[in-house]
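Under the heading active site, TrEMBL lists A:Glu19, A:Ser155, A:Ser290. TrEMBL lists A:Asp266, A:Glu279 with the feature Mg(2+) 1 binding site. The Mg(2+) 2 binding site feature in TrEMBL is assigned to A:Glu279, A:Asn281. Look at TrEMBL and you will find A:105-312 tagged as domain 'ATP-grasp'.
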Amino acid sequence: MTVRQPLEVLVLAGGLSHERDVSLRSGRRVADALEDAGASATVHDVDGDLLAAIDARRPDVVWPLLHGSTGEDGSIRDLLELLGVPAVGTGAAGSRISWSKPVSKTILARAGVATPASVTLPESIFREVGARAVLDRVVDRLGLPLVVKPAKGGSALGVSLVTTAEGLPKAMVSCFSYGDVALIERAVTGVELGVSVVDLGDGPRALPPVEILVEDGLYDYDARYNAGRTEFFVPARLGTSVLDAARQVAVTAHQVLGLRGLSRTDLIVDADGTPWFLEVNSAPGMTETSLFPLAAEADGLALPELYRGIAEHAARTS
Amino acid sequence: MSTQPQAGTRLDPWYGSYSQRTHGMRASEIRALFAVANRPEVVSLAGGMPNIADLPMASIADAVADLLRRDGARALQYGSGQGDPVLRGQIADVMSLEHINAHPDDVVVTTGSQQALDLVARIFLDPGDVVVAEAPSYVGALGVFRAYEAEVVHTPMDAHGLVPEALDEVLTQLAASGRRAKLLYTVPNFHNPGGVTLSLERRPRVIEVARRHGVLILEDNPYGLLGFDGEPLPALASMAPDDVVYLGSFSKTFAPGYRVGWALAPHAVREKLVLASESAILCPSNAGQLAISTYLSQFDWRGQVKEYRRMYAERRDAMVGALQEYLPTCSWTTPEGGFYVWLKLPEGLDAREMLPRAVTSLVAYVPGTAFYADGSGAGHLRLSYCYPTPERIVEGVRRLAGVVNAEADLVAMFGTAPSRTDGVETPGPATP
């Protein structure tokens with residue numbers, strides 16, 4: 001398809017998800033960078049005016065920077081496909097698969113990637129079978145510590161690290177406030193990594209893995225978005241073979257889950273150097289403290305040109 | 001072989017330079033959730049924005065335009081650090097409605113009463129000093145006291161406001177442990193967030209207790225003229241002008257946009273407030289002050305306040321009626337003015353933990369923990385009825401009921417209910 005000059009990009013940000021604030025920040029950053037690269041970028045919320053705005057602007061490409069719920073679960077992608085509008089990133093099917101942590105873990109495990117042992121339990125099963133009995137079995141089977149997280153969601157919202165069996169019920173209540181299904185995962189101790197992948201048409205390529213070191217514990221909401229508490233090392237302070245293995249996991253995730261354009265895979269590398277797949281983000285955060293831009297810059301890429309390249313590639317190939 | 005960078009990045013080169021108190025500031029997921037509350041689909045019972053939609057905007061615009069044409073060189077210039085003398089006189093007239101006999105010289109105009117709060121903290125509080133505040137207390141005040149590294153000790157309220165005997169006990173215990181509170185911070189009328197009002201009978205007793213313990217009273221009174229029935233109660237400052245710093249605001253009786261508030265203080269305190277304010281901001285906005293002054297002199301501001309009372313009373317009724325209909329498992333305060341209802345959740349529910357579920361259900365509130373310095377208050381939440389229409393308030397409460405019921409089921413299922421006793425003793429739902 002022919003792309004106009006300047007490239008007209010409609011950045012979708014906001015939405016009604018719990019991650020609205022992060023999405024708005026991501027959207028503004030990407031739009032600014034696109035403008036710096038000579039594109040014309042407009043940020044638009046997902047609201048009642050959206051379809052009219054798309055009709056009026058007829059953008060060359062839409063860049064959904066929506067985090068959480070309809071932004072990442074494939075809904076928006078389905079809508080854009082319905083409208084026949086080219087869009088950056090993963091399509092509806094890939095979004096639906098990658099948005100679900102249990103589903104993506106299963107697919108990655110089948111591809112031979114290590115992922116922590118886990119169970120996926122909806123709120124209804126506790127109601128039907130009895131909470132205490134189920135939680136006892138969870139601890140018996142997976143041991144402690146555990147990580148409890150919503151099966152779908154991001155930004156560590158609703159995530160708890162559980163070190164005692166007594167702490168598990170409270171973690172479940174926190175988790176179910178964000179969603180109906182919980183993923184209870186054996187906690188792996190090690191180096192936390194975010195590995196971003198970019199594909200400009202010549203195949204997915206992993207950017208330098210970013211090591212995340214939080215000075216006082218969990219990489220929680222504050223540690224993610226309030227710069228300072230978290231120290232990032234790019235590339236991560238790991239041996240080359242381990243870094244290569246981590247990159248390979250991210251590329252594998254990108255491929256087997258059917259992701260397009262860009263993604264970020266979150267991993268933990270244990271003491272033996274094994275990278276454990278935790279989850280993948282088909283619409284990774286692009287804020288001032290996000291891992292994708294950090295990795296890209298460490299790779300020598302200028303963000304304006306990179307984002308413009310991603311948008312142009314999507315405009316031509318969607 | 002490994003690639004070993006010398007050091008990582010914190011994405012903040014100044015991380016090692018911040019003050020100790022800044023390191024304690026954390027980005028909360030609660031703030032992030034409030035980003036969703038701004039969407040029109042969400043019924044926000046969270047914020048305390050006054051509803052100013054019915055102000056005579058066109059007439060106000062004409063008056064302000066005329067002001068700038070007539071007196072623009074003054075309005076757009078620096079002004080007095082203490083504030084415009086004419087406005088200070090008008091402020092004294094406003095305060096007379098609460099029986100305060102103030103001299104304009106003792107009024108310090110500030111950038112909203114929030115700045116007055118900051119100035120009082122600045123001139124009185126050293127790190128580690130104690131401020132006694134109601135349980136719960138205004139979140140914006142707690143933030144100011146935290147910024148000055150003061151310790152807030154809460155003192156209980158009941159349906160009639162601050163409990164003088166309990167205050168006496170708190171102050172006595174502090175003294176016994178070798179600590180003296182420097183300030184008693186109180187919102188006596190239509191409390192934020194408690195929704196209760198300090199009874200007339202208790203007012204002299206609170207003053208007596210504070211005076212006996214040598215504690216200055218900081219009377220924060222943004223809602224005093226917004227009572228739904230009867231006349232405003234006499235301010236504490238009217239009863240003990242030498243023992244009280246009084247904070248007032250036009251944010252609720254007119255509009256918050258000009259950011260004009262004030263402090264009324266004994267002369268020695270006033271002088272220090274002026275010096276502190278000059279060092280902070282040089283002077284309050286002249287344009288804002290003159291606009292407010294124009295509004296007070298050219299418009300029927302008393303009539304507008306009366307209209308606000310009628311509107312907010314209607315919204316209070318909508319909220320209380322909806323609570324009675326949809327949330328019989330909760331208890332709440334029934335305010336006689338102001339903006340807020342303080343709601344007690346069924347045993348074991350945590351308002352902070354429940355907020356994501358509420359946002360998913362398109363309703364927002366402020367968890368009670370925001371109003372305590374010590375992390376308590378999880379069993380309560382604050383509901384604002386000032387901004388949404390009565391119909392939206394009813395819909396918001398209906399949604400909230402679904403959230404509360406679902407969360408109660410969950411908590412019962414996981415058996416995570418601790419017992420709690422904090423907060424205002426909320427009376428049970430009033431019978432219709």
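Along the chain as shown, the residues are counted starting at 1.
Backbone N, Cα and C atoms are what each Cβ position is placed from, and that goes for glycine too.
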*Considering only the recorded positions A:Glu19, A:Ser155, A:Asn281, A:Ser290, which fall within 10 Å of A:Asp266 (Mg(2+) 1 binding site) when distances are taken between Cα atoms?*
A:Asn281
*asked:* Can you give me the same-chain residues 6 or more apart in sequence from A:Ser155 (active site) with a CB-CB distance under 8 Å?
replied: A:His18, A:Glu19, A:Val22, A:His67, A:Gly68, A:Tyr221, A:Arg224, A:Tyr225, A:Gly285
*Out of A:Glu19, A:Asp266, A:Glu279, which has the highest number of nearby Cβ atoms, where nearby means within 10 Å of its Cβ, if these are the recorded positions?*
A:Glu19
*So what sits near A:Asn281 (Mg(2+) 2 binding site) in its own chain, CB-to-CB under 8 Å and at least six residues off in sequence?*
A:Glu72, A:Ser98, A:Gly154, A:Ser263, A:Arg264, A:Thr265, A:Asp266
*Enter the number of other CB atoms within 10 angstroms of the CB of A:Ser290 (active site).*
23
*Quick one: Cα separation, A:Glu279 (Mg(2+) 1 binding site) versus A:Ser290 (active site), in Å?*
16
*DSSP on A:Glu279 (Mg(2+) 1 binding site), three-state: which is it?*
strand
